[in-house]
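Chemist: Sending over a structure as structure tokens; questions will come in a sec.
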């Protein structure tokens, strides 16, 4: 018998006492349960005692529901958190992307006729349209608020500088600027650090994980959206080296998740619509559309948005879904375009397709020739190296932050420090710069005269004294000669380190625009140098090289491929540069990958998320399902004692979320063959509704549930501790037949790991049951078992599992 | 025992005698084998005798290998072939997109170290680059040859017309033109009809099927490529209403299949390279890249090409694969661009990214405003209706052709007739037209003066007396007033019917350009009308409406979605029109789908190809694996008698290609559990290499084969009849353990059809074994079992299976 049916007391008393270290030896327990097979007990960072401590502490965050119940538990944080990149966190769960096709589900589906399915389909389109519209509106809101607040700030500071330039005492201006920035950023950081930490950063790694099938707690909640939107406004207004584009992707995703469910749990409003979509399968599809709409609004790149969603999320390409995603993207950029056009006063001309527009590259003047291709490739190499450097620096910084700067107040202080330093660096650079340019017809919004002659402005100020979006566009389009090389060089250097320091702060902000800005600066510098070298040839337009540099730098940092090419292509508004941009991005990726991973992947890994990559590592052919699976598996019988179910669910040492159901009648056959699979969440709903009968009256029909009962509980299923089961009820029996998924996917033990991986990835599974030749359960493969193996520098390496 | 182990004589004598109707009653046999469960014996078209006849006849084509062996069998064709759209052909097989991970394969993979995998990866990139380059060069070749030959033809005809316009006797000119066209088309049709019929048409339906996982005989052979290229040149030169763009997709695919295999079976050359890629899995990936490269070269649309491949083929999106496909596409358009630029004398300016370029739409002059959006939607509706009409007409025509015009000589005659009629219609239209336009600075290549005043030309001739590509561009870009509405109306009408008649002829030709041309004509007409109505507003540029009309018409005919939007966007060279093009295409698709399917899908269905759509029909929840599976299944034992294997393989009544392997030792357990799956092709290689031992010496080690032996035989495995097995050898035993796939995918009987479909489609399976609770084989699901059910007008309908 492979399934442990006597599951009552695997270790300790089996009762729920998460913070009681006397509950059996945790090491034995975890070892005995074999859910931590990769745990290296010799690892200095993970001595039994340290592991125990992490386990205890992070149980607070372990489960969002527990967290909500137990908010009274004090948040003790040690001064130093040991962290290791070779860990895999156990706190993340998988989405149920595979429908549980149990009897209830099938009965409902069979009741729905063709016309009703058409209605469902129409609803999907309506939801996508709403996602597009709302995402576009949110983008407009961010844009307009940022423009006004930043304008206000720059005007105040400019007036101040103008005042003090004449009479001396510019240090007051610096103080004013730095204080303004730091206080704005403080508010932005406070709300993120104390109210919703998951709103920090661009959100792209989190959305990548969500689309990959990992449930990141709180990631698609309304509260997160509100904090994100306010946070990004404050970060940009606070003058940090950040962009507002990345967060749009996260915002779009939250909007999609919210609308598609037709209710908000945070607001406790249920609109009783779209109930059909209340499951992970449907929700994730809408979140893809939301992410695409976000990209589309951010860059005016609807096709790029679709490709982004597909690159990050699609485990199974579906034409209808793609088309809907594209629809949402198009609506999103169109909404943004219409509203911003009206706002800017030229109502019908539709000239603002995205939050950032690279401006019109006139392809006749700025075409490229075949001779330039080696130059572009060289720029790709430079971008790859600089990107790798950026990522490596950010890696060390992030490790430092995880270990030492994990208290919210420290995080806020760091953000304020960065804001003040950014202002100071900008000020000093502007102050020291002697690069004066004539104002005549220039597009500079806040020309700082400083020590320049009348009618001239300080060109360093175009770069520093401006929102980064505008600086990028200026670098692309200002006529040759607008910047002197020294300015550009200093700016690149400073901004590089500022942006690197900024990414990972506890503020909502994106890395796209800073990357583009760094790249545009050195690209333009490169173009100017080329122009010197070639004695000002017509083709050596610095704006073109600024574009290529921007692509190279961004590619070197984020390492996106097809989607980024298309985003860049769409943002430039014409397809002429498609081929050179592709070359540059490809080179940057190849060079960068040689040194270090992409920024998002790096952060995902540092968060120890069980992320499934595209393919199993190539050298994994020696592994089979037998080696990777977790074993022993806790099985349930088809008609099971309620007490056993409660004990199993309450067993904190194993946080299983799916349980194979095996044949319960020992008379018919000796084989305890697999009959189905039931999820923890389903069991909890069953227990909550007391769906069981007395043992003596097994012939009685147990209470029938409807699919609606499960949907109403989705997605925040209560924890088992909140469900009271009396001692009498414990002796009742529960029949799982009609609730379990009767046809879970299975593989034999000899299946190669590649095969397991392919099946798991392609179908977006959460549990894959491993059976022997007689269909008996011998093990279970979950996401963690697959994500545990990784291709390192010296071949296949195994990550340790930890509760952190 | 569910598996029939006494398989010797299921019906008849079990020997191979495909043309012997006395070989048992076919009806009983087929019925008894249950491989034709959907066969409706009451179908008037499929009475037992007619079915028998079809079966006999098409056995000639049934298997390409048999066909090659038995070329002596006379090709008798009846005068009328009964055909029915509700059939599913048994002659198509599936690709093995799932690797057979048997011991040999795993041993090889385990021997390959990390560095070697890197080499494999580099080879993949090299192959993609070669695919891109070669596809680009083939496109250049077609373009240059067509340009020269067509130029020659038009000059000859023009001179003749000019000569006879003055002195009368224009009927000679007509005769010359019609004869020239008909004779050129005759050659083009002859080579297709007699040498390689699969080269007919655009090839897009065939490539769609191939990427969908259906093996279409001869579709990726070198001979097909040669015929395709020559055929398309001759069709376009012959003045048919066709384009050379669609066939590029097919050409690219063939190039990809050829290069990736490192050998040509047709030329009997094996370069001994890329042997690792000799399996369906890898080959199909390269064919995707080839198709994308073809689109890219045809339209200068590398992103569109990638999306086309993904829309049609990707069952499992993979970032690395996508990136490689994109690379091939980019290289392809770049190659074409460079070569054509050199050819046209402006070596470095890279101005010809595709075979057809829509020319530069100046977005400043030709932007759109929000008010125009309802107009675009209306155009989409018109396009959808006209497209549906086109498809419906073509449907009846194709049914007629399948039934009556199936002899090659008739097909050639029809093609010649169409060519002559096309010339005549063009001539008459030009002759009757009184629409004269001044030549001054016009882009017309062959201005026909006819009865116009000196310095003027006949504007009908720009549309008819020109290659269709040039006509499209003229309609987009000629200044307002270049055409009068009457000309456009007549042209639309005539060209609509000509194009409809032409599609489906036995010539190599595409439908993209004719569709665009029809749409551009009525779109321009629409624009002119608008301009009249609005008193010549600035925004009513007829060129813009020509573009939208072209999109609407093409969308209404082919019903592609995302990929077509992007192709159109890339072909116009800027992204401004993205949103309106999407709206137009979406509307056209929705409206068109209301009436009739897309043209390609229609032709796939008329060919009775077992094509798997994106999703299982929504109303199929009542079906489970038990209902859809084929049963009983022919199983093999792990150590099997050679004679039994030979008999099973020779059994023509069932054309099974995969056999479950079950436990052969009855001592250990009573359950004949599934142990693996072996393919027909693998068995044939085993038999060919005499991999077996005498029954008395079972302990002897049987001969070991290498993976190379299987690869050398791929893809043209010999038929079982070509392998001689002596009577003694029949008594030997063969051990299948190390050759079978030990972990085939399985599902339990209760799995819903949706679940089966999802698994099958996502992993690109060929065989899916259905097992019971004790892991015993109870059935098998193949592509035909899934493709058999379809969503018709009145809900789920089941197709009949036929050998046709």
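Placement of Cβ uses the backbone N, Cα and C atoms for every residue, glycine included.
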Chemist: According to TrEMBL, which listed range is transmembrane segment: B:421-442, B:443-464, B:575-596?
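Modeler: Checking TrEMBL against the ranges B:421-442, B:443-464, B:575-596, the transmembrane segment one is B:575-596.
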Chemist: Which one of B:103-124, B:125-146, B:147-168 shows up in TrEMBL as transmembrane segment?
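Modeler: When B:103-124, B:125-146, B:147-168 are checked in TrEMBL, transmembrane segment belongs to B:125-146.
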Chemist: Tell me which range among B:350-372, B:511-533, B:603-625, B:626-648 TrEMBL lists as transmembrane segment.
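Modeler: It is B:511-533 that TrEMBL annotates as transmembrane segment.
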Chemist: Using a Cβ distance cut-off of under 8 Å, indicate which of B:125-146, B:225-243, B:486-505, B:545-569, B:575-596 has the most pairs with the transmembrane segment (B:321-343).
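Modeler: If we count Cβ pairs closer than 8 Å to the transmembrane segment (B:321-343), B:125-146 scores highest.
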Chemist: How about the transmembrane segment (B:511-533) and the transmembrane segment (B:225-243): at least 3 CB pairs under 8 Å, pairs 6 or more apart in sequence, or not?
Modeler: yes
Chemist: Please average pLDDT over the domain 'CBS' (B:740-798) for the predicted structure.
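Modeler: Across the residues of the domain 'CBS' (B:740-798) the model's pLDDT averages 85 on the 0 to 100 scale.
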Chemist: Do at least three CB pairs under 8 A connect the transmembrane segment (B:545-569) and the transmembrane segment (B:373-397), leaving out pairs fewer than 6 apart in sequence?
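Modeler: By the criterion, they touch.
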Chemist: What parts of the chain pack near the transmembrane segment (B:575-596), using Cβ distances under 8 Å and only residues at least 6 beyond its ends?
Modeler: 361, 363, 367-368, 372-373, 376-377, 379-381, 383-385, 387-388, 391-392, 395, 547-548, 551-553, 555-557, 559-561, 564-565, 568-569, 602
Chemist: Cβ pairs under 8 Å only, please: of the recorded stretches B:125-146, B:225-243, B:286-309, B:545-569, which one is richest in them relative to the transmembrane segment (B:174-195)?
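Modeler: Most Cβ pairs under 8 Å with the transmembrane segment (B:174-195) come from B:225-243.
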Chemist: Apart from its near flanks, which chain residues at least 6 from the ends of the transmembrane segment (B:286-309) lie with a Cβ under 8 angstroms of it?
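Modeler: Answer is 127-128, 131-132, 135-136, 138-139, 207, 210-211, 220, 244-246, 248-257, 259-260, 277, 321-322, 324-326, 328-333, 335-337, 352-357, 512, 560, 562-564, 566-571.
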Chemist: Using Cβ atoms and a strict cutoff of less than 8 Å, what residues sit near the transmembrane segment (B:125-146) while being 6 or more residues removed from its termini?
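Modeler: That would be 225, 229, 232-233, 236-237, 244, 248, 251-252, 255-256, 259-260, 274, 277, 286, 289-290, 293-294, 296-298, 324-325, 327-336, 339-340, 343, 355, 467.
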Chemist: In terms of Cβ proximity under 8 Å, which residues at least six beyond the ends of the transmembrane segment (B:225-243) contact it?
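Modeler: Non-local partners: 138, 141-142, 145-146, 149-150, 153, 177, 181-182, 184-185, 187-189, 191-192, 195-196, 199-200, 203, 250-251, 254-255, 258, 356, 418-419, 422-423, 426, 467-469, 495, 498-499, 502-503, 505, 507-514, 516-517.
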Chemist: Taking helix as H, G and I and strand as E and B in DSSP, count the residues of the domain 'CBS' (B:740-798) in helix, strand and coil.
Modeler: 16 helix, 25 strand, 18 coil
